[in-house]
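Step one of this worksheet: look at the structure below.
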Amino acid sequence: MPATRITLDSTFIDQVKHEIKPHWGELGWVTYKRTYARWLPEKNRTENWDETVKRVIEGNINLDPRLQDLPSQDVIDKLTNEAQQLFRLVYSLSATPSGRNLWISGTDYQKRNGDSLNNCWFIAIRPQAYGDSHIVPTYIDKRKEAVSMPFSFLFDQLMKGGGVGFSVVDDNINQIPQVDHQVDLSVVIDKNSKSYDASLKVGAIDKAEWEKNNSGLDNVIYYRIPDTREGWVLANARLIDLHFNDTNPDQKTKLVLDISDIRPYGAKIHGFGGTASGPMPLVEMFFDINNVINERVGQKLTAVDATDICNLIGKTVVAGNVRRSAELALGSSDNQDFIKMKQDKEKLYHHRWASNNSVAINSKFNNYGPIADGIMHNGEPGIVNLDLSRNYGRIADGYQAGIDDDVEGTNPCGEISLANGEPCNLFEVFPYIAEQQGWDLKEAFSLAARYTKRVTFSHYDWEVSRNIIQKNRRIGVSMSGIQDWLLNDLGHRVVTGFKDATDKETGAPIKKPIYDPQGIKMVDGLYHAVIAADKAYSEELGVNPSIKHTTVKPSGTVAKLAGVSEGMHFHYAGYLIQRIRFQASDPLLPALRKCGYHTEPDIYTKNTICVEIPLRAAHADSKNFASAGTVSIAEQFATQAFLQTYWSDNAVSCTVTFQANESNQIAPLLHQYRHTIKSTSLLPYYGGSLKQAPKEPINKKAYEDRVAMITGDVKEVFENQNKDQKGLELVDQSDCTSGACPIK
């Protein structure tokens, strides 16, 4: 806790509520209420928007390290003023911190878990030391490298709600020693456990029976798993490490894991929220991971094996909670077993769905044919160019040898290149909305830079993370609603055409994009505002400037709050039906029905109701409007290249959509932009072909007919009904186009 605490008083907040109207999108308030509004037990309801923003801003501003001592009145006054400006910015929905910050900032959970403010992480799958971390197995020295460590890091961060990118490239996997032992695993449970019968069905055995048959065995490792996140991680670490001589010096090969203390299915999880899965998914995971490693005795684990272990962990984390586990596996570009691993449909449906898979390349790579073929069939692999990430900030600023030399991978959505153990740290501004709300964009982006800088002063649980964060202090200031903003301010899209050119290295003909000069000037000016803000704040705090500063995040759920296009992506359609799914007991449903929204039972999930909300994109009727269904694959690549060149010194998250007749352009375009785009992924455009599709394009008349049926304001109706409930979330919502990121 800081010695001095900055707070926002009620008089100020009441004044802002009187002066500013939040720019809610059509889906905005409902999405907020079911995703980011925390339960207030003393008021027997969830937060209102002003209460959420107050919590979030106070949680952030008090991370300023000067408050740990006795700061001057000048510092207190300036930080109070900054907190007020941030409150205005976020309350108006001109900008928001990441969904993770909206959910966690200012809570007791944040104070206990410094990691909790960062959305996503990256870890290299190779033996590493645990170091001075909150989780260290008792059977090894904290400085000793262990095969289990990166898997423990991934398991821990996933359970704290973060996404994790992980690298299984050859250089990492080759460092894992050969598997020395098969492990004979037993999982036991006490008859008194509420999970007893269900656990026996998935392979556990009666504890008393096991003890009767195995008394006096001294070659057994017995571990009673505590009902904690750390307990789950340590049990899995013990299982993995017993297979290797370096971490099993006694060469004991029988392991007994006692799950009797683990809370049953449906019990509440305090802190992050959600409900417990019971021990059953954990039991299945233990046996599955043990089988993967046992099959490699006398050999080394492969990239596919390591990815399977990570996927099995991810599957377990998902099992009992609405929130999704987000993983990105990064493999070597010539590892065909890795590239094709999802073609095994049985394993895909069992656990390999748990990660999006990408390959690491450099700018000399030219074998895009097999990659394009995979993309056409299942949308994978994505591409991550580590050479560009290590040696470039913005492409416009040219080659800077080793400017980010520790980079080994990326977060699951690909917008931040990361070193081992490093997290992304995000905040986004909606320039189209901010201008409408009267903001000077440079001030808005400067506030964003300072917000993210403070997050780097959190207390981090893992030593590997603390070290790299203190070195890099990487921030990710993003902009979203980019298509809305550029079309509004320029009158047209930023790519104004293409001209014939030749590839300087190969001589091949290419179509070089032409960018609006004013568009370049707009984003360049904002980039330099972020750099200046970070430099000034770093000097105030006496720390290094951030190694990189800007990005474009995919921004699915957060963009819905303000009703803008998602990140750099084009609106899915000018007019569409957005379907969102609610638990059938949700008290928001009567309010939605009363206001005229169409609801129907979900055809995929029991006890779930599908609500249809008609949406109109900003500028849908403009002759220069383009949607994901009409914009060309070439223009999407060119737009991503524009942002990577002039705005983002990290990377740009983009899922390029393509029509069937454009698939032959994938490989040539990937090659054309090999010196510009740091990471990208592609998916076929499906339109509304699936039943109860999340997004279904419609025409203007259908939209107007739907809107005419809607009467009343859901927020007002819901508040008048006064039937709020605790612990409800939207069902199976997606935070980005690729589905790679956690919800919050």
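Note that Cβ sites are derived from N, Cα and C of the backbone, with glycine treated the same way.
Quantities reported herein were computed from a predicted structural model and do not represent experimental measurements.
For C120-C424, the entry in Swiss-Prot reads disulfide bond. Of all the Cβ atoms in the protein chains shown, 30 others lie within 10 Å of the Cβ of C120 (disulfide bond).
Outside the region 'Effector region-1' (148-159), and at least 6 residues removed from its termini, the chain residues within Cβ reach (under 8 Å) are 115, 121, 123-130, 135, 137, 166, 229-230, 232-234, 236-238, 240-241, 247, 309-310, 313-314, 317, 325-327, 421, 461-462, 464. Feature annotation from Swiss-Prot assigns region 'Effector region-1' to 148-159.
For the region 'Effector region-2' (169-318), the DSSP counts in helix, strand and coil order read 64 helix, 22 strand, 64 coil. Here Swiss-Prot flags 169-318 as region 'Effector region-2', drawing on similarity to another entry.
Cβ neighbour count for C413 (active site) (all protein chains, 10 Å cutoff from its Cβ): 37. Residues or ranges marked as active site in Swiss-Prot: C413 (among others).
As annotated by Swiss-Prot, active site applies to E415 (among others). The secondary structure of E415 (active site), as reduced to three states from DSSP, is coil rather than helix or strand.
For the region 'Adenosylcobalamin-binding-1' (570-631), the DSSP counts in helix, strand and coil order read 7 helix, 22 strand, 33 coil. Residues or ranges marked as region 'Adenosylcobalamin-binding-1' in Swiss-Prot: 570-631.
DSSP places the residues of the region 'Adenosylcobalamin-binding-2' (690-729) in helix, strand and coil in these numbers: 17 helix, 3 strand, 20 coil. Under the heading region 'Adenosylcobalamin-binding-2', Swiss-Prot lists 690-729.
For the pair formed by E415 (active site) and C424 (disulfide bond), distance between Cα atoms is given as 9 Å, rounded to the nearest Å. When pLDDT values are averaged over the region 'Effector region-1' (148-159), the model yields 97. The two recorded residues, C120 (disulfide bond) and C413 (active site), have Cα atoms 9 Å apart. Within the chain, the region 'Adenosylcobalamin-binding-2' (690-729) has long-range Cβ neighbours (under 8 A, six or more residues past its boundaries) at 29-30, 33-35, 39, 44-46, 268, 273, 275, 322-323, 572-580, 582-583, 585-588, 590-592, 594-598, 602-604, 610, 612, 614-616, 620-621, 627, 629, 743. C424 (disulfide bond) is 10 Å away from C413 (active site) when you measure Cα to Cα. Across the region 'Effector region-1' (148-159), DSSP helix (H, G, I), strand (E, B) and coil residues number 11 helix, 0 strand, 1 coil.
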